[in-house]
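Asks: Before we start, here is the structure in question, set down as structure tokens.
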Amino acid sequence: MSVEKKMAQEPCCSKLKMFLAAMCFVYFAKAFQGGYMKSSITQIERRFDIPSSLIGFIDGSFEIGNLLVIAFVSYFGAKLHRPRLIGAGCLIMAMGSFITAAPHFFQGLYKYETTVSHISASNGTESILPCLTNGSLAQDDIPTVEIQAECEKAASSSLWLYVFLGNMLRGVGETPVMPLGLSYLDDFSREENTALYMALIQTVGIMGPMFGFMLGSFCAKLYVDIGAVDLDTISINHKDSRWVGAWWLGFLLTGGVMLLAGIPFWFLPKSLPKQGETESEKKFNEGEQDCFIPDNNKHSNAPDKPAPVTMAALAKDFLPSLKKLFSNQIYLLLVCTAFVQVNGFIGMITFKPKFMEQIYGQSASKAIFFIGIMNLPAVALGIVTGGFIMKKFKLNVLGATKICIGTSLLAFFTMLIQYFLQCDNTQVPGLTLSYQGVPQVSYQQNTLISPCNMGCSCSLKHWDPICASNGLTYASPCLAGCQSSTGDGKNMVFHNCTCVGDSPFPYANMSAVLGQCPRKSDCDYMFKVYMAVTVIGAFLSACGATPGYIILLRSINPELKSLALGIYTLIVRTLGGIPPPVYFGAFIDRTCLKWGTKQCGGRGACRIYDSGAFRNAFLGLIYGLYSLSYILWGVVYIRLSHREKKLALKNQLKAPEQDGNGVSAGNGNASSAIVKCGENADQETTI
């Protein structure tokens with residue numbers, strides 16, 4: 001029967017297509033959650049006043065949740081009701097989102113560090129003296145241990161643990177989706193359709209981060225305590241490094257979407273007929289659940305229906321299956337290559353919004369928005385392109401490897417260009433330049449003191465930036481030597497700032513307004529070029545996604561498919577997902593020039609970084625990791641080339657014997673080794 005006739009017989013709404021649609025939705029929903037979590041990293045960091053290394057650890061809790069259960073879910077879940085396990089995972093992911101948002105309802109109102117509250121005038125007159133007021137209030141005293149503990153308890157400073165727990169639950173719930181969902185689809189779809197189906201799932205899935213980042217951009221513009229405070233009394237805006245958006249709101253929405261995504265899986269069957277198969281072909285198209293190691297009845301005359309498999313039997317054969325899997329050298333190389341590349345990718349995507357904020361002076365909401373509407377659609381287009389190329393040219397494993405290596409190298413070249421697209425540091429006297437205007441990066445707080453503000457006895461802890469008329473940003477009105485102020489809230493203006501008059505760019509009007517000064521105009525042009533380069537790089541990198549999945553699936557034994565995907569996900573998520581946010585964050589913390597101050601007096605989140613050192617640390621780590629992955633890709637290509645040559649030679653030797661026995665020589669090709677469950681397992685492992 002021809003392929004066209006088989007397709008004509010398939011109903012338009014078959015259960016396999018329903019499962020495909022449900023998988024697309026759940027991939028969208030989980031990516032929607034993950035994208036929003038990534039976009040909210042900066043807001044959570046500021047709300048709980050924690051360093052980048054700790055927020056990286058919180059972000060890595062998702063992978064910790066995967067680590068706890070993925071090996072068992074992948075192996076035992078493959079023998080159970082896979083769709084219902086995916087539905088249960090969706091329920092757990094939804095609960096995780098709701099728990100992540102819970103701290104907002106237990107915390108008090110957000111109190112950002114400021115000196116404005118101490119110097120506001122009730123009638124708008126010039127009766128307030130910032131310099132003298134700051135000097136009388138701020139002595140930078142270190143609180144006692146008892147006072148510190150009581151203050152932290154009152155401020156609920158440990159509530160970030162709820163965010164950690166909720167994110168970890170999301171990781172636990174996400175565990176069954178990829179290994180069980182993709183193996184279920186691969187079991188019951190035609191081999192030539194697998195690449196297209198996976199490309200479709202990933203394409204719809206990539207829309208999730210796009211909407212997640214756009215939601216994150218919207219929530220970042222809303223004040224964290226919206227509806228509970230009078231916004232007219234807030235003296236900062238969404239461009240300020242102390243601003244915290246309504247981060248909790250998005251988690252409630254993404255949790256609701258995940259609840260809906262899990263409903264269809266409760267009504268799908270445990271197994272399906274092979275797509276387009278006939279009774280004569282059925283014996284060659286057994287699903288993963290029909291295979292079990294060891295298959296003691298392989299040559300018996302038992303009925304086609306397999307005997308029920310007990311949990312005790314599954315547990316007994318777990319270690320032999322694991323040993324057999326790890327004896328596949330190509331599989332191990334693919335795992336090593338993947339977790340090195342994922343290290344670079346996770347570190348990059350976690351701190352890319354902060355990179356755009358610090359290097360190009362963009363607000364958090366704007367940086368997140370651009371990632372959502374520009375980079376992520378390019379990734380979706382790249383995934384579709386990769387799947388189309390695989391189907392159009394019917395590439396084998398070696399051809400897919402060439403695509404992966406080629407597109408990755410081209411994407412790496414676009415990343416090298418990013419290093420030269422830089423802007424100067426924000427000009428802050430005492431931090432990035434001296435009060436005399438000489439560029440001079442200082443990590444020492446005492447450089448904030450100058451003869452122009454020495455008489456004020458200013459606090460060096462607080463970050464309450466003002467933009468002076470000379471174009472420089474000062475760390476606080478006191479450190480600018482401002483003598484008076486008018487107005488209140490966002491409209492406050494400071495006058496007679498002595499440091500502005502003593503600067504190398506003196507102005508007759510020695511005034512300043514709240515907030516940091518904008519970057520130079522050439523920085524906006526540099527940012528546009530940077531975004532264009534990153535979009536091209538995102539597209540090229542994504543072109544290798546679908547070929548990469550095909551290489552993995554075609555390099556493992558069919559009966560070990562779910563276990564192999566689960567172990568692959570376990571290792572990649574553990575070694576590639578948990579450490580990068582932590583060590584990327586630790587390296588980034590080392591480039592901080594001015595730390596914020598917690599409500600209780602301890603060190604809070606970083607307010608401003610040395611952009612040059614930030615760029616070197618951030619991009620340097622990415623370059624090193626990706627370079628190592630290309631070396632591993634080269635080894636994978638060599639091993640696959642040797643395997644293909646051995647398979648071709650073996651098929652040539654078997655062809656005369658098969659023809660003599662009246663068997664079609666086409667049954668000896670490499671693709672049949674993939675479809676026949678368990679038949680060529682020893683051959684694959686040996687090679």
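Note: Cβ is positioned from N, Cα and C throughout, glycine not excepted.
Below are the features listed in TrEMBL for this protein:
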type	residues	note
DOMAIN	19-645	domain 'Major facilitator superfamily (MFS) profile'
DOMAIN	446-501	domain 'Kazal-like'
TRANSMEM	55-78	transmembrane segment
TRANSMEM	85-106	transmembrane segment
TRANSMEM	195-224	transmembrane segment
TRANSMEM	245-267	transmembrane segment
TRANSMEM	330-351	transmembrane segment
TRANSMEM	367-389	transmembrane segment
TRANSMEM	395-421	transmembrane segment
TRANSMEM	529-552	transmembrane segment
TRANSMEM	617-640	transmembrane segment
Asks: Of the listed stretches 85-106, 195-224, 245-267, 367-389, 617-640, which one has the most C-beta pairs under 8 A with the transmembrane segment (529-552)?
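Replies: The stretch with the most contacts is 367-389.
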Asks: Sort out the residues at least 6 away from either end of the transmembrane segment (330-351), same chain, that have Cβ-Cβ distances under 8 Å to it, and list them.
Replies: 38, 41, 52, 56, 59, 408, 548, 551-552, 555-556, 564, 567-568, 571-572, 575-577, 579-581, 583-585, 588, 618, 621-622, 625-626, 628-629, 632-633, 635-636, 639-640, 643
Asks: Cβ under 8 Å, sequence separation of at least 6 from the ends of the transmembrane segment (617-640): give me the contacting residues as numbers and ranges.
Replies: 329-330, 333-334, 336-337, 340-341, 343-344, 347-348, 351, 355, 397-398, 401-402, 404-405, 408-409, 412, 415-416, 418-419, 551, 555, 583-584, 587-588, 590-591
Asks: Where, among 85-106, 245-267, 367-389, 395-421, do we find the most CB pairs under 8 A to the transmembrane segment (195-224)?
Replies: 367-389
Asks: Which sequence positions outside the transmembrane segment (85-106), separated from its termini by at least 6 residues, show Cβ-Cβ distances below 8 Å to it?
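Replies: Long-range Cβ neighbours of the transmembrane segment (85-106): 26, 29-30, 33, 37, 65, 73, 77, 156, 159-160, 162-163, 165-177, 180-181, 224, 247-249, 251-252, 254-256, 258-259, 261-266.
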Asks: Any residues 6+ beyond the ends of the transmembrane segment (367-389) with a Cβ under 8 Å from its own?
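Replies: Beyond its ends, the transmembrane segment (367-389) has Cβ neighbours at 35, 39, 195-196, 198-200, 202-203, 206-207, 209-214, 216-217, 220, 352-354, 356-357, 395, 403, 407, 531, 534-536, 538-547.
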Asks: Counting by DSSP, what is the helix, strand and coil composition of the domain 'Kazal-like' (446-501)?
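Replies: Counting residues per DSSP class in the domain 'Kazal-like' (446-501), I get 13 helix, 11 strand, 32 coil.
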